[in-house]
Amino acid sequence: MLGKAEKRSEALAAEALAYMPGFGNDFETESLPGALPQGQNSPQKCNYGLYAEQLSGSPFTAPRGTNERSWLYRIRPSVRHTGRFAKIDYPHWKTAPHIAEHALALGQLRWNPLPEPTGELNFLQGIRTMTTAGDVLTQVGMAAHAYVFNADMVDDYFFNADGELLIVPEMGALQVFTELGKMDVAPSEICLVPRGTMFKVARLGEEKAWRGYICENYGAKFTLPDRGPIGANCLANPRDFKTPVAAFEDKETPCRVQVKWCGSFHTVEIGHSPLDVVAWHGNYAPYKYDLKTFSPVGAILFDHPDPSIFTVLTAPSGEEGTANVDFVLFPPRWLVAEHTFRPPWYHRNIMSEFMGLIHGRYDAKEEGFVPGGMSLHNMMLAHGPDTSGFEKATNGELKPVKLDNTMAFMFETRFPQQLTRFAAELETLQDDYIDCWAGLRKRFNGTPEGDWS
């Protein structure tokens, strides 16, 4: 006999979800025939008795290339999904500016995965902020979160007015049901929920816990990076991004809407589901992306290029070439460079780097960086291959090698990432991380050959 949780998981998994390909397209979709008006946005009376409503992700007068809005045709207008809010608290979800009081000194930091929950937690309850950067009130910067949970958001719904959420599952697949449709998101995939978009999260599959990472982007929205001399192809190709088709709930049962606004949390009880959009059209919408479709480029003769070539998505700042936050992927790839130290080189950086590992092993760290783990290398703090990685790359035969079984990523921002107290006191913090470089001995002996013994 299947238990209630197993039946739920099987029912969700049996859904064959449909998607529309493309990045930033002007989409149109309806879940009932004739629900989408033709030739206009706001008819005097919408079919099916629906309400027309615009969701704006940019100012009305933003340039055409960055102007984002969608028209939604819904069972009730969003004013009916609100009421008299009451303040609530998610004590582990922090927002910039947030300078925490803790005893941990400055340094390069690394953590093992979050421990599994001891009680029942849904997606929202399982979010733990590791770092914050910038200022949500001026809409710049980001926060890096980890999550771990083991229960569905059944009648709980949420939207974030502070920024868009880039969700990176590491263990356990998710069904993310948004106002504009459903997305199934497995490890090695990502999804993005735009600022202000209502959603809930359910579990797919059988795991003890569902775990992953979130980048909360307070600033300009994520977009595809310019390819420059690379040309029209490779990296993340627009056709591989998938936006969900319209889907809705028409249920009248006690539900709870929760909102994050300027770092504070609020809740209101309503008597129906707010996921009631029957049809929509526009370019402000959620999407998912399979990281395995990322087409990397790299050095094919010598040297190691800058990690910016691995940028999947970038959220620009007001300064050209300087990101508010980048989402960078280190995927499987061939290493073929001649007379070259092939791993990422030793580095001090104006940008601040938060890293995670989805599966496998990261080529610059032979040991200690595990799936579900995290590392933080803040601005101008030195980092690079550990001793074992250096020895292997320095003495190994330089034949073509496929770097396989790896999927690491980075949230990189122009702002220093401030550690939360939770992160500073987390039991999985590796006290010995700094020792991974202790074996890098002096090889200079005054001769051109050096001491490579």
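Cβ atoms here come from the backbone N, Cα and C positions, even for glycine.
Look at Swiss-Prot and you will find His304 tagged as active site, proton acceptor, backed by sequence analysis. His304 (active site, proton acceptor) counts 16 other C-beta atoms within 10 Å of its own C-beta, drawing on all protein chains shown.
The Fe cation binding site annotation in Swiss-Prot covers His347, Glu353, His383. Cβ-based neighbour count (10 Å, all protein chains) for His347 (Fe cation binding site) stands at 14. Under DSSP, His347 (Fe cation binding site) is assigned to a strand (E or B) in the three-state scheme.
Residues or ranges marked as homogentisate binding site in Swiss-Prot (evidence: sequence analysis): Tyr362, His383. DSSP assigns Tyr362 (homogentisate binding site) to coil, not to a helix or a strand.
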Coarse DSSP state, helix versus strand versus coil, of His304 (active site, proton acceptor): coil
Nearest-integer angstrom distance between the alpha carbons (Cα) of His383 (Fe cation binding site) and Tyr362 (homogentisate binding site): 14
Chain-mates of His347, Glu353, His383 with C-beta within 8 Å of site centroid, Fe cation: Pro344, Arg348, Asn349, His377, Leu381, Ala382, Gly384
Around the Cβ of Tyr362 (homogentisate binding site), the count of other Cβ atoms that are within 10 Å: 25
Distance, His304 (active site, proton acceptor) to Glu353 (Fe cation binding site) (CA atoms, angstrom): 19
Rounded distance in angstrom between the Cα atoms of His304 (active site, proton acceptor) and His347 (Fe cation binding site): 12
